[in-house]
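Just below is one structure, and these are the notes that go with it.
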């Protein structure tokens, strides 16, 4: 992890605007973050999304996670009028692929690290033939059924674990993704990425599915499941609890995070990684989900990580990662920053922008 950046009292003060849904504000912009940022010369200000962006500020940096098209239009208008001022994190065009589960995981195939994605198929037609879809994708039960769109709604998180074919048919309301469920010992590795920092946190996950469950015709063919990965695993014990050395090596995690960051062209995201352990294949890692601008309060030390990141962006010392994966081509906000680019509208309009 990069060392914390100091902020002398004589340094200029910056204003960082944030446009987030209320539930995201409560999971990121906590008093501990606000206090530390202020102590380091960064003022955090909420953007009123009901008002024109041009009437607010001035901001030196904008961070956002909004799904409204009107918000995106405002960002594009602001970028056209004042390119690079304020600095926008992250580019709406780069975020888009994470809002569609058909494209979300495409970037993984371009990584140079030994990690992959479970087999999956996109169901885009409600009249699709389940047998044909499953055969074409060579999927094996159990499956996870996920809504195709990731739009922040409760419906986008409505997932089901499907044990056999007759559990698929009622779900073909389309569009959705059917992804093969991989037994992973009930352990999920949630990796939070903030710029070039990656922090891996072990979480509990769905338990393994025994073969006999797939053959139990008296049991439900599919069941809904809640996201239970937000609870830390208990400390290791004598009853088979997860041990500290179960966590992937830091170097491996950093390499995966770096590849995703470059491939996606994003700075702020997390990804869910699982590990299959078998005598046949040994240890195999899979990425099953990538989420833009997660609830960082669940990441240890997130206040310092975000504050350091804001200062790096504002001081022009943090280059935007080159997008290498499918769909390359970043919007104008996402390009390499040069020193002095992190300035506010106040300096631009007064002609006092620092070089």
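The backbone N, Cα and C atoms fix where each Cβ goes, and this holds for glycine too.
Here Swiss-Prot flags 65, 157, 190, 291 as 1D-myo-inositol 1,3,4-trisphosphate binding site, drawing on similarity to another entry. Among the features that Swiss-Prot reports, ATP binding site is placed at 101, 146, 179-190, 205, with the record citing similarity to another entry. As annotated by Swiss-Prot, domain 'ATP-grasp' applies to 107-318. Taken from Swiss-Prot, the feature region 'Disordered' applies to 225-248. Summarising the annotation, Swiss-Prot assigns compositional bias 'Acidic residues' to 236-247. Residues annotated as Mg(2+) 1 binding site in Swiss-Prot, with similarity to another entry given as evidence: 272, 289. Residues annotated as Mg(2+) 2 binding site in Swiss-Prot, with similarity to another entry given as evidence: 289, 291.
Put simply, residue 157 (1D-myo-inositol 1,3,4-trisphosphate binding site) is 19 Å from residue 189 (ATP binding site) when counted between their Cα atoms. Counting in whole angstrom, residue 187 (ATP binding site) lies 10 from residue 272 (Mg(2+) 1 binding site) by their C-alpha atoms. The binding-site residues listed here (101, 179, 181, 183) include no residue with a Cα within 10 A of the Cα of residue 190 (1D-myo-inositol 1,3,4-trisphosphate binding site). Of all the binding-site residues listed here (179, 181, 185), 179 has the Cα closest to the Cα of residue 291 (1D-myo-inositol 1,3,4-trisphosphate binding site).
Each residue contributes its Cα atom, and for residue 183 (ATP binding site) and residue 157 (1D-myo-inositol 1,3,4-trisphosphate binding site) those atoms are 21 Å apart. Taking Cβ-Cβ distances under 8 Å and a sequence separation of 6 or more, the neighbours of residue 65 (1D-myo-inositol 1,3,4-trisphosphate binding site) in its chain are 19, 20, 21, 24, 95, 152, 292, 293. Taking the Cβ of residue 101 (ATP binding site) as reference, residues of its chain lying under 8 Å away and at least six apart in sequence are, in sequence order, 122, 146, 147, 148, 149, 150, 177. Residue 205 (ATP binding site) sits 10 Å from residue 272 (Mg(2+) 1 binding site), taking the CA atoms of both as reference points. Sorted by the number of other CB atoms within 10 A, the binding-site residues 157, 190 start with 157, the lowest. Note on residue 289 (Mg(2+) 1 binding site): other Cβ atoms within 10 Å of its Cβ, all shown chains, come to 21. Residue 101 (ATP binding site) falls within neither a helix nor a strand when secondary structure is assigned with DSSP, and so counts as coil. Its Cβ taken as reference, residue 187 (ATP binding site) is surrounded by 16 other Cβ atoms within 10 Å in the chains shown. Annotation note: residue 181 (ATP binding site) sits in a coil segment as assigned by DSSP. Rounded to a whole value, the Cα-Cα separation of residue 185 (ATP binding site) and residue 289 (Mg(2+) 1 binding site) is 17 Å.
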